[in-house]
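Feature list (source: TrEMBL):
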{"type": "BINDING", "residues": "28, 29, 30, 31, 81, 82, 83, 84, 94, 95, 96, 97, 121", "note": "substrate binding site"}
{"type": "ACT_SITE", "residues": "103", "note": "active site, proton acceptor"}
Ligand SMILES: O=C(CO)[C@H](O)[C@H](O)COP(=O)(O)O
């Protein structure tokens with residue numbers, strides 16, 4: 001099976017967690033797009049979705065799935081999203097699709113985070129994937145210098161030759177050269193740096209379950 005087929009497999013497997021009448025938290029990315037398509041097949045059974053990006057909202061609406069405002073919801077039973085990396089404790093790097101801030105907000109509403117990922121995302125230690133960090137533009141260089149003190153190299157993410165603007169109107173730094181072996185402490189530290197909107201380490205909002213697509217089928221990891 002190729003990576004695309006593995007994404008389809010785990011996206012469909014996530015449907016087993018959907019219960020009648022639920023409002024589903026929905027992430028962002030190519031794996032989640034497949035989940036949204038799968039969710040459309042059971043849309044009569046759910047009340048709607050809280051979405052983590054404009055792109056996911058658009059896809060949900062195109063399928064006729066109601067998109068609710070996060071402020072209108074007190075809690076969600078579950079949040080389904082992909083990851084760029086996931087470690088053996090369920091901590092993740094996310095934000096490859098630049099939606100990390102809203103992803104963390106919706107994940108924080110949910111009792112359970114169901115991560116859907118192909119096996120290439122499963123790593124012993126986080127940090128091989130460049131860590132996305134959403135920043136206020138005027139703080140970008142000082143944040144880059146702080147990462148340099150940690151051995152990281154921060155690069156401003158571009159789109160069409162211009163700094164990418166997130167759904168929140170901010171910039172993204174992608175940081176290479178990090179070895180994130182204490183994700184909880186690292187997430188807390190970076191969150192405290194002035195100008196950081198959101199760091200793409202998900203340790204406080206880690207996965208409860210990961211549906212990992214492998215050549216042998218879906219492996220369920222519980223954390
Ligand atoms: O964090 C994300 C978007 O901000 C995605 O979940 C992550 O990038 C994985 O994406 P994909 O399913 O396309 O591999």
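In case you wondered, yes, glycine gets a Cβ from its N, Cα and C as well.
Features per TrEMBL, on structure.
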residue : record                 : Cβ contacts under 8 Å, 6 or more apart
28      : substrate binding site : 52, 53, 55, 56, 81, 82, 97, 99, 102, 103
30      : substrate binding site : 7, 82
83      : substrate binding site : 92, 93, 94, 115, 117, 121, 202, 207, 210
96      : substrate binding site : 29, 84, 129, 132
*Of the binding-site residues 28, 81, 94, 96, 121, which ones put their CB under 6 Å from ligand 1?*
28, 81, 94, 96
*Indicate whether residue 83 (substrate binding site) is helix, strand or coil by DSSP.*
coil
*Of 94, 121, the binding-site residues given in the record, which has the fewest other CB atoms within 10 A of its CB?*
121
*Within the same chain, and leaving aside 28, 29, 30, 31, 81, 82, 83, 84, 94, 95, 96, 97, 121, name every residue whose CB is within 8 angstroms of the centroid of the CB atoms belonging to the recorded substrate site, in sequence order.*
27, 32, 117
